[in-house]
Amino acid sequence: MTKILLADDEESIRNLMRMTLELDGYEVSMAEDGTRALDIFEKEKPEIVLLDVKMPGMSGIEVLSRIRGTAPDTEVIMITGHGDMDMAVECLRREASNFLTKPISEELLSLSLKRAMEKIALKKKLKKYTRNLETLVREANVELERAYQFRENIIENSPDAIVCIRKGGEITIFNSAAEKLLGYKKHEVVGKMSIVRIYPPGGAKKIMKALRADDFGGPGILQKREVTLIDKDGNEIPVYISAAILYEEGQEAGSMGIFTDLREKLKLEKQLLRSEKLSSLGKLSAGIAHEINQPLTGVLTFAHLLLKKFKNDEKTRKDLEIIVRETTRIRGIVQGILDFARETPMQKKPLRIQQVVDQTLEIIVHQQRFFGIELVKLYDPSVPDVVIDSNLMKQVFMNIVLNALDAMGSSGTLTIKIGASNGWVEVDFSDTGKGMPEEMQDKIFDPFFTTKDSTEGMGMGLGLAISYGIVKNHHGDIQVTSKPGKGTTFTIRLPLDAA
């Protein structure tokens with residue numbers, strides 16, 4: 001039942017209207033003045049208020065204003081005994097629902113109330129629709145936020161670098177993998193830097209040209225292609241790129257590139273190629289060495305016999321001594337080749353790597369070639385034991401230290417650092433020698449490659465190749481970094497979980 005508040009200072013009018021309204025099915029409350037009307041309104045919250053304009057104390061217009069301030073959806077019908085147009089305009093200006101002039105016919109009152117009820121019903125429907133719409137908007141916003149977060153998580157947690165740009169080249173998205181790949185922080189590039197900066201000169205234009213061509217996946221799509229990027233420090237980074245043009249409302253808005261770092265892949269390919277080369281050369285060298293060794297033994301045996309025979313012939317004896325010396329040197333070379341080719345069974349057990357390094361150093365630190373060299377040890381005492389063959393690993397360390405001494409000459413600093421991280425033990429040997437160019441670093445572990453003069457007996461390029469094979473047989477890794485004039489660092493990594 002709809003509640004109506006009737007406020008009029010004339011009792012007879014109140015009673016008459018009350019009877020009419022109750023007969024029409026309304027629940028009616030009455031007030032004789034504005035103050036009383038407000039009290040009843042606050043307690044009962046009627047949906048419709050019939051309000052006389054002129055009442056003692058507080059006027060109907062004042063009551064209307066107060067009701068509108070607290071309950072703007074209430075239907076307020078103003079009643080007056082005078083058909084004053086200015087008064088009607090003022091009431092409507094204050095958002096009265098209707099304006100009736102006394103005497104009020106039952107028909108007009110019924111029509112006004114009917115319209116008021118229709119407006120109330122419409123307002124309720126509108127509120128319901130608004131609530132439903134707000135719920136839908138809220139749910140849509142939640143879904144949009146969820147989709148946005150999902151997209152952001154995919155982009156941010158992608159193992160590949162993802163970079164998005166506007167049509168003009170300004171970077172808009174730069175994920176964590178891109179930070180790691182290129183060395184820039186997100187705040188340094190987003191909205192501040194052009195995509196051109198991460199490519200070699202002309203590289204960005206070539207990519208955009210390929211992106212619009214049919215040759216790499218169709219216009220607007222660039223499928224897996226190898227390119228070079230430039231990181232913050234100016235280093236070249238080989239990557240695979242996949243890219244696509246981004247559209248908004250059918251218009252090109254920008255593009256997205258996904259970059260896969262190829263450095264580890266190329267490194268593994270190089271290691272595999274080196275291992276295959278070592279294996280092939282080892283087998284070939286072993287065969288050749290065996291073929292050389294047999295006649296060489298004969299030459300050396302007969303040279304010794306001839307020395308005894310011509311011991312009193314000084315000229316002949318000197319010639320024979322040269323033959324013996326050079327044949328012995330050749331035999332040493334052959335033995336080195338056989339050592340390189342031979343797969344020695346490993347005797348592995350848990351050992352402290354610091355002790356193995358120190359035992360290696362004890363063999364050479366008192367030699368003359370170590371005089372003038374400063375030795376710096378940076379050992380982490382918490383490094384756990386590692387499973388290795390002590391003799392073979394000493395051979396590795398010896399080769400590296402001797403190379404460092406040769407590179408430094410009569411003075412310099414050899415720094416040995418031992419630590420552990422992420423399941424690996426790392427041993428770094430850093431010298432302050434002459435260093436080597438990058439093209440030499442790529443060949444340093446190749447068999448028979450040497451930076452020394454072999455004609456002066458300084459080596460034949462098998463020491464580091466053998467060391468490489470030993471480390472690989474320990475499931476480890478050996479790397480070299482060097483700068484001409486600055487020095488060289490050899491890093492040996494050995495797994496802690498190797499059996």
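Yeah, the Cβs are placed from backbone N, Cα and C, and that goes for glycine too.
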Inset, instruction - Have a look at 7-34, 119-146, 315-342, 455-482 and point to the one annotated coiled coil in TrEMBL. - result: 119-146
Inset, instruction - Measuring CB to CB from Asp52 (4-aspartylphosphate), give everything in the same chain under 8 Å that is also at least six residues away in sequence. - result: Ala7, Asp8, Asp9, Glu10, Gly60, Met78, Ile79, Thr80
Inset, instruction - Take the coiled coil (119-146) and find every residue of the same chain, 6 or more past its ends, with a Cβ under 8 Å from one of its Cβ atoms. - result: 2, 47-48, 73, 75, 97
Legend entry - DSSP three-state assignment for Asp52 (4-aspartylphosphate): strand
Inset, instruction - Write out how many residues of the domain 'Response regulatory' (3-117) are helix, how many strand and how many coil, based on DSSP. - result: 56 helix, 25 strand, 34 coil
Legend entry - For the domain 'Histidine kinase' (287-498), mean pLDDT (0 to 100): 84
Inset, instruction - Using DSSP, tally how many residues of the domain 'PAC' (223-274) sit in helix, strand and coil. - result: 12 helix, 32 strand, 8 coil
